[in-house]
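Visitor: For reference, the structure I am asking about is given below.
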Amino acid sequence: MQESNRFSGKLSKEQVMQNLTDYNAWSSVEEHEACIQGKPTVILTGIPPKKLVGSDQEKQLEWVVPLDIARGELDVGEINCWFSEIERISGHRPGRITLGTQNDDSTIVYYFVHDGIVKPQRN
Amino acid sequence: MGKRNRIENELKHKNPLPFVISTDYYGSLPELYPHNPISWAYFLYKYISLHAKPVPQSILPLPQVDFKDGMFVVEDEDDMHRLFNEGFFGKGHLSRSEPTWNSIQQQKLLSSQGEALMSIEEVTRARREERDRFKELRTRFQALELKERQGILTADDINEKEALRLKLDEFRSRDSRIISGPSKETELQGADENASKALRTSSKEYLQLQATEVFFLRYALHTVDIDMTLLELFKKCAGVSSVASIEPRNNFVLEYVVYHHYRSLGWCVRSGIKFGSNFLLYKRGLPFSHAEHAIYIMPEEVSWPTISALSRVVSGVKKNLVLVFVETPCQEVLDNLLHTLERMGNDHYKKNLSNIFKQYRVNELIYRRWIPGRNRD
């Protein structure tokens, strides 16, 4: 796939942050400097207004990785890097990360990325 | 959707594209009476004089699109609504689609009763809360069922279980589209705090346009103004610094060809990212009906597991999956045309771009999962 270079990493971060605070009503949204496969990037944390899934704790801190959809494909190695970077930053490897994929019409679609296999949730 | 809503939508989205028509601007043509020759003459005079006047589009100010931080944005409130209402272009960056965030935040601040009109986002939130309540009751009900199987159900439990069964049935039979307004306590505290903070710092919502949308509005319709030439816009959208590096299967060119194809056939085309596809096709527009088709542009190398997964996602939301095969010119033909585009001046950009797009052909196929046992009729 040909890559589009219309978006910068800086932009992804800001729009995802604004979407979390103003649209999804998250609180304490903060950014953390990170380095993924030699490239400087930003990982966000925030607290959702209520539990994202039933088994979460109340006011659980959530890690969010902003990502531009036009950037191309992802591989497992890079995803693993997110987990280890978060471990480096916080001293704790999270069981789950939220991926904030951003489209060029400002739509942000969130996906859970789990660290390994998890039991499917009941709908 | 109520009748009042329907009429409001008809009026709001009267124009299918953001054009001002001469008869709307200069007044409509007079009534024509076939048996009255004077009315013929008058009609003809009016008709010809209308043609002598400049096209309204050329004298009215066009909506202004700015390129900021790698995005195409429209910041003027009227322009935003005009582009969205007339043809459904763009998305409010703080709203699900229509840029409603500004007005909703203002309403929230102004009305202390909190009885403002419900936005689509609030409707969704209320529906989800209702679903959560249903799930809580279901969990409790199943716990009681388990106790029943273990034979340790008390008389109180039996009563509670019966009451829960009735409640759950009521939830299931309820029309999911009809929901009550949000009560005061369900309003999210955080959202309100953020809203007032945002208003204080006068942060405002803007309309963000996709590259395909901006290019269609500027190149095909010429109904927006943007501070760059058509060639610069083309390069920006295609993500290149020089046209010479554009390949036949450039992502933007493929997407634009497909976008233009369906827009020309009268479809309302919107981004399909939520369902893993390139575009969604609406018959008239967002408020009138759900999108019927999801468009997926076939890459050169097809991974059938991907198509299969996509098909499950798309059929889960009751849409057709349309696989689009784009025939492209070879690199040599494209290079010649790109060379001409760059060499000829500003006045010829449109014609030369058209020559490039004419080299592309769009073919489509509907992909559907077929289960012999279930699809016999």
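Any Cβ shown, glycine's included, is placed from N, Cα and C.
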Visitor: Labelled coiled coil by TrEMBL, one stretch among B:92-119, B:120-147, B:176-203. Can you tell me which?
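Guide: Going through B:92-119, B:120-147, B:176-203 one by one, TrEMBL flags B:120-147 as coiled coil.
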Visitor: Taking DSSP states H, G and I as helix and E and B as strand, how many residues of the domain 'tRNA intron endonuclease catalytic' (B:252-327) are helix, strand and coil?
Guide: 29 helix, 21 strand, 26 coil
Visitor: Among the active-site residues listed here, B:His290, B:Lys319, whose Cβ has the fewest other Cβ atoms inside 10 Å?
Guide: B:His290
Visitor: Under 8 Å between C-beta atoms and at least six apart in sequence, can you list the same-chain neighbours of B:Tyr282 (active site), or say none if there are none?
Guide: B:Phe88, B:Trp267, B:Cys268, B:Val269, B:Arg270, B:Phe288, B:Ser289, B:His290, B:Ala291, B:Glu292
Visitor: Over the span of the domain 'tRNA intron endonuclease catalytic' (B:252-327), how high is the average pLDDT in this prediction?
Guide: 94
